[in-house]
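Trainee: Sharing a structure, written as structure tokens. Questions coming.
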Protein chains: 2
Amino acid sequence: MDASRPIGVFDSGIGGLTVVRALMERLPLESIVYFGDTARVPYGLKSVATIEQFTGQIVDELMRRQVKMLIVACNTMAAVASATVAARACGVPVLDVIEAGALAAVEESPRGRVGVLGTPTTINSNAYARRIHRLDPALRVVSQACPLFVPLVEEGWLDHPVTRLTAQEYLRPVMAEDVDTLVLGCTHYPLLKPLLKEVAGEGVRLVDSAITTAELAARRLAELNLASTGECTADYRFVVTDVPLRFQTIGERFLGRSLGSVERLEW
Amino acid sequence: MDASRPIGVFDSGIGGLTVVRALMERLPLESIVYFGDTARVPYGLKSVATIEQFTGQIVDELMRRQVKMLIVACNTMAAVASATVAARACGVPVLDVIEAGALAAVEESPRGRVGVLGTPTTINSNAYARRIHRLDPALRVVSQACPLFVPLVEEGWLDHPVTRLTAQEYLRPVMAEDVDTLVLGCTHYPLLKPLLKEVAGEGVRLVDSAITTAELAARRLAELNLASTGECTADYRFVVTDVPLRFQTIGERFLGRSLGSVERLEW
């Protein structure tokens, strides 16, 4: 496979841009095609059958664009549709945010007590607990669905009394289990890191799956001899199914820089 | 046209069931086909082009099911895609929640100072203000987007400190304009009526567009000689594009009774 090909990163919406941001910092020579299904976002409350159908369509589109690696930047898709991704990837290496987050949780938890925060579908799938237990069956895992975090982030209320109160409510049962590590199991949540750090308290580590995914991608590309040699300038493409109101503003909040040109695909 | 045909009611998701509930109470002899695009909900943050495309697909589906009237139970579609609905309705009468809400606001406001609450797309479209001013150009209209109300209702936090704090924040600029009437410009909002009444204070009237839409439908059916004579028992069908987690629970919260059988259409 040609190492100059782009990495394909996909998400149900724009949250996966936090993963793109981490990839740009960790792997500045790599080109990236980002696909966000903004016309059908959010996936976090949809059924497994529908998520599998949508995931298959996205993977097919990225395969047509000849990516050298697929990164599932959406926790919900990683949680319930990883078999669909694998089946359609035709041998292209795949990694996802849950794999990366589970690995980091196991490596970082000092006392083996891990809390996982995510969308209802991610939490109901139990995917984090299963992946963590595959790495270390002795770890204690407590999960909590936080359906309001995504809309709060999109509203821009990153440090707002409403968000603080919501976080206190969601974290109460998790902290009661005396966890030492909290996995941010949704690509929107890294934007709430300062607030969650405060609510969870000093002693608790936060695992940001965007950063851990970029680490894992770097490792995997090196192992497979697929890392870009930097002969061409890194190229970034953003493909979405809808360009909604405030898209640039919200997108740039996630990416941490200007989005440049965005292609809208009409499905 | 055959008066025994069903009324077609549609929404981006399940919020439109508040309109179905009001129709069942006001027009117990009428059969109803409800269409909820649960696979692509919510529409409130999508672009106009995408909303028009989705709306056209829904209207075509309901026309195939031979409805005698179309009710747009989604404020967002009514706000930005009413031309699409009219073009595809092939002469079948159409009414929508914005028309009904605007009419009720004009009739009910004692001092002509109206606040409108809705999703960002509805508010940005300025559709309520335009329809209200068509009826009475002298009315003062203040609009406020409330993007967190839908997720709060779906979380079931109908009387929760987080919801109260959010409502206080959204209503502050509206109440500062001394409004006497508040239009609930989204089908999810009627579930927040008790809380909004409290936050807005005693003197403010709330216009629930579900109830006013059922009133307007009754009036229009009578005028057009299309009211059911009750020869057959009223039949209720629910068609959705996805059956997500907790669908029955949330659906019944909106409908106020059991949903019965639900048909999933795979698009």
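Heads up, the Cβ atoms here are built off N, Cα and C, so glycines get one too.
Found this in TrEMBL, in case it helps:
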BINDING   B:Asp11, B:Ser12, B:Tyr43, B:Gly44, B:Asn75, B:Thr76, B:Thr187, B:His188  substrate binding site
ACT_SITE  B:Cys74  active site, proton donor/acceptor
ACT_SITE  B:Cys186  active site, proton donor/acceptor
Trainee: Taking the Cβ of B:Thr187 (substrate binding site) as the reference point, list residues of the same chain whose Cβ is under 8 angstroms away and which are at least six residues distant in sequence.
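Mentor: Set apart from B:Thr187 (substrate binding site) by at least 6 residues yet with Cβ under 8 Å, we have B:Asp11, B:Gly15, B:Gly16, B:Leu17, B:Thr18, B:Val19, B:Ala73, B:Cys74, B:Asn75, B:Val97, B:Ser209, B:Ala210, B:Phe254.
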Trainee: Write down the Cα-Cα distance for B:Gly44 (substrate binding site) and B:Cys186 (active site, proton donor/acceptor), rounded and given in Å.
Mentor: 9
Trainee: Tell me which residues of the chain lie with their Cβ under 8 angstroms from that of B:Ser12 (substrate binding site), as long as they are six or more apart in sequence?
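Mentor: Counting only residues 6 or more apart in sequence, the Cβ neighbours of B:Ser12 (substrate binding site) under 8 Å are B:Gly36, B:Asp37, B:Arg40, B:Val41, B:Pro42, B:Tyr43, B:Gly44, B:Phe54, B:Cys74, B:Thr76, B:Met77.
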Trainee: Here the recorded positions are B:Asp11, B:Gly44, B:Thr76, B:Cys186, B:His188; which one has the lowest number of other Cβ atoms no more than 10 Å from its Cβ?
Mentor: B:His188
Trainee: In which DSSP state, out of helix, strand and coil, do we find B:Thr76 (substrate binding site)?
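Mentor: The three-state answer is helix.
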Trainee: Return the maximum Cα to Cα distance in Å (whole number) over the record's substrate-binding residues: B:Asp11, B:Ser12, B:Tyr43, B:Gly44, B:Asn75, B:Thr76, B:Thr187, B:His188.
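Mentor: Across B:Asp11, B:Ser12, B:Tyr43, B:Gly44, B:Asn75, B:Thr76, B:Thr187, B:His188, the two farthest Cα atoms sit 13 Å apart.
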Trainee: Which Cβ among the recorded positions (B:Tyr43, B:Cys74, B:Asn75) has the fewest C-beta neighbours inside 10 Å?
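Mentor: Each of the recorded positions B:Tyr43, B:Cys74, B:Asn75 was scored by Cβ atoms within 10 Å; lowest is B:Tyr43.
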Trainee: Quick check: in three-state DSSP terms, what is B:Cys186 (active site, proton donor/acceptor)?
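Mentor: For B:Cys186 (active site, proton donor/acceptor) - judged by DSSP and reduced to three states - the answer is coil.
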Trainee: Which residues, in sequence order, are found in the same chain with Cβ within 8 Å of the centroid defined by the Cβ atoms of B:Asp11, B:Ser12, B:Tyr43, B:Gly44, B:Asn75, B:Thr76, B:Thr187, B:His188 at the substrate site, excluding those residues themselves?
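Mentor: After dropping the recorded site residues, what remains is B:Gly13, B:Gly15, B:Gly16, B:Val41, B:Pro42, B:Cys74, B:Met77, B:Thr119, B:Thr122, B:Val150, B:Cys186.
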Trainee: DSSP on B:Gly44 (substrate binding site), three-state: which is it?
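Mentor: In three-state terms, B:Gly44 (substrate binding site) counts as coil.
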